[in-house]
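Visitor: As annotated in TrEMBL:
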REGION    1-79  region 'Disordered'
COMPBIAS  46-69  compositional bias 'Polar residues'
TRANSMEM  91-109  transmembrane segment
BINDING   Gly97, Val100, Asn104, Ser333, Asn365, Leu430, Asp433  Na(+) binding site
TRANSMEM  121-142  transmembrane segment
TRANSMEM  163-189  transmembrane segment
DISULFID  Cys201-Cys210  disulfide bond
TRANSMEM  248-268  transmembrane segment
TRANSMEM  277-297  transmembrane segment
TRANSMEM  330-347  transmembrane segment
TRANSMEM  359-385  transmembrane segment
TRANSMEM  405-430  transmembrane segment
TRANSMEM  462-487  transmembrane segment
TRANSMEM  493-516  transmembrane segment
TRANSMEM  537-562  transmembrane segment
TRANSMEM  582-603  transmembrane segment
Amino acid sequence: MKPLPEQCNEHQKKSSNQSPGEMPSEETKTAPGDTAAKISERPAQLNGNTLTHDVTHPSAQPQLETSHPSPAAPSPDNLLPRDQWGGKYEFLLSCIGYCVGLGNVWRFPYLCYRNGGGVFLIPYFIMLFITGMPLFLMELSLGQYGAAGPITVWKCCPLLKGIGIGMLCVSTLVCLYYNVIIAWTFYYLGSSFQHPLPWSCDALSNAPLCGNVTTVGDEKAQGPSEIFWNEKVLGVNLSAGLHDPGPVRWQLALCLFAAWVIIFLCILKGIRSSGKVVYVTATFPYFVLLVLIIRGATLEGSLQGVAFYLTPNWTALANAQVWNDAASQIFYSLGIGVGGLLSMASYNKFDNNVIRDTLVITVGNCATSFFAGFAIFSVLGHMAWRKGVKVAEVADKGPGLAFVAYPEALALLPGSVFWAIMFFLMLFMLGIDTLFGNMEGISTAVLDEFPQLRGNLKHKSIFLGLLCFAFYLMGLLLITNGGIYWFTLIDSFSTSFGLIIITLFMCLGISFFYGVNQFCQDIVDMICRCPAWCTKVLTYFKYCWAFCTPFLLLFILTYIFIEMYRTPLTYGKYVFPFWGKALGVCMGAFCCLQIPIWAIVAISKESGTLKDRFKKAIRPLNSWRVNNINSSGGQDQHVESERVEAPYTVNLTEVDFTAMAWETGTDA
């Protein structure tokens, strides 16, 4: 690896299609009788089938020989170029909106107070710098350099195509339950326009509940916010468990349908329209959080909540659960391993500075999580002061924090209707941005595999419409009376060990199959004018990819398996049956099993001995480095004129221009 940015142009002329130690590709072989011929990897034009060099004029630009119409009037058979972000700020805001989601509002504050308060920040930021940032940069760099979605991008190492398909499986499970949360948000948002709020003590129907402070055995009587959540929204009181889902709740079915219609409209126009929407959806939550923090600071008892949120418990650092929670929150909030980041980065310009974007997005995301904790716990402190209890008795985990404790706290504020509308509108925008990123990962992967859909608006609309409708039909199970049990099952296992295994193989595959030195050089090639600090930071990431990150991922994976074996899965007082937990394990296993399945397929397509097959399967395809021309928008600052040092004509075949091909078309 040549670490200096000024050397990137030299590498663009010299870089080869193989990792260190791999067999050379067909384009880099010298022709018989011509040992001096050197062939560049990047053709200047991609709209034809044959590229011929005039060897009598080495400095001349390559001339295109094709019978197709010119780019100004493309034929229907020509593939349309991929879209690009309108500007770097659209990409940054889209990634921030994708990463800053509902988990930042309800999951991080709960984990922080459960795992030692402020001391939780120590393992949290360690996991951020050792696992979060390196994997985040790896996904962004892969997508931007390859200009392809989660499946097609693995032309860099066809053996690992299953990683992309596994990402799609995880993303499918996440989209399935994540939009249900948006449906709940819609329901609460519509209910917030009532005065008084239906879950507040001011409502006449809740007067008996608010006056009832008795307990039955060890169980405390439910308050109006819990009754509203469990009975009016979920209907969980009408279900006996996972085996008894019951009928679909029609109010939630309408909310879920509206949520999927919005998602369909977002992904239909692609990034050129959604890139403008994020200026509102990604910034509005920050405005609401700031207003809530200012309002919460003026409430009586708010400091009690903040102190509970931040008070450190140093003994917690010795607990492995704390470190596991820190790592899981990093994966959950950054959206690593589900293909969304990779897909959004594929629409970047080739020379976008991915290192800068990684630092800005990851630090900004984690700062938002910490920032949101003050808004949440200042209001929960006021709630505890009003009820005369400890903060620990009003704080809840998971959806309960967003849909039970916080709505109840909002009901205690003057102007409660306004604050409830603002809060649930914020949750809606947080959820939409994250779900858009996940759906973009799925749609981009399919459109890259079947590029004819991208150029036909009618076919693309039908495909996306059927995709969203299929998700809607599958999501109906999660909005039945017992849907919360299925929601908990999918939530617990969709991003569990399967996601860790996928990211582990991604890290190992890029580091040792593709080559960590080659990957670092690819990043240097993209950001030629990067300041000197970029190469120093890249050196740090290089050692993380090769050593630190895989080691930590193995530690997390081991702990997950131990905990999964000895800890029962519960929701409230309901303990999931063995068959339910086994079903969740099967969901996670199905995602990561795509890796060996497609590795076997890739090896079986090659010829020769098993060792030869393996070498060919890890060698980048001829079209791998061609794609970045598409993403550069026709700019020639990254395209070097091809040079031939002897009388020799280079004829490139169709396979050299086929970005979607998974065969090299060579016998070497």
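Each position is counted from 1, following the chain as shown.
Glycine is treated like the rest: Cβ placed from N, Cα and C.
Annotations in TrEMBL come from automatic prediction, not curation.
Owing to the predicted nature of the structure, the values given are computational and were not obtained by experimental measurement.
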Visitor: Could you name the residues, excluding Gly97, Val100, Asn104, Ser333, Asn365, Leu430, Asp433, of the same chain that surround the Na(+) site, i.e. Cβ within 8 Å of the Cβ centre of those residues, in sequence order?
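Guide: The surrounding set, listed in chain order, is Ile96, Tyr98, Cys99, Gly101, Gly103, Pro285, Thr368, Thr434.
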Visitor: Using C-alpha atoms only, work out the spacing between Gly97 (Na(+) binding site) and Cys201 (disulfide bond) and round it to an integer in Å.
Guide: 35
Visitor: In sequence order, which same-chain residues at least six apart have a C-beta under 8 angstroms from Asp433 (Na(+) binding site)?
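Guide: Listed in sequence order: Ser94, Gly97, Tyr98, Val100, Gly101, Val278, Thr281, Ala282.
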Visitor: Give the residue from the recorded positions Val100, Cys201 that has the most other Cβ atoms within 10 Å of its Cβ, counting over every protein chain displayed.
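Guide: Per the Cβ count within 10 Å, the most buried is Val100.
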Visitor: May I ask for the distance between Cys210 (disulfide bond) and Leu430 (Na(+) binding site), taken between their Cα atoms and rounded to an integer number of Å?
Guide: 32
Visitor: Would you count the other C-beta atoms found within 10 angstroms of the C-beta of Ser333 (Na(+) binding site) for me?
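Guide: So the number of other Cβ atoms within 10 Å of Ser333 (Na(+) binding site) is 24.
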Visitor: Out of 121-142, 330-347, 537-562, what stretch is closest in contact terms to the transmembrane segment (163-189), meaning most Cβ pairs under 8 angstroms?
Guide: 330-347
Visitor: For Asn365 (Na(+) binding site) and Cys201 (disulfide bond), what Cα-Cα distance in Å is obtained after rounding to a whole number?
Guide: 36
Visitor: If you skip the near sequence neighbours and keep only those at least six away, which residues in the chain come within under 8 angstroms of Leu430 (Na(+) binding site), Cβ to Cβ?
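Guide: Listed in sequence order, they are Gly97, Val100, Gly101, Leu102, Asn104, Val105, Pro285.
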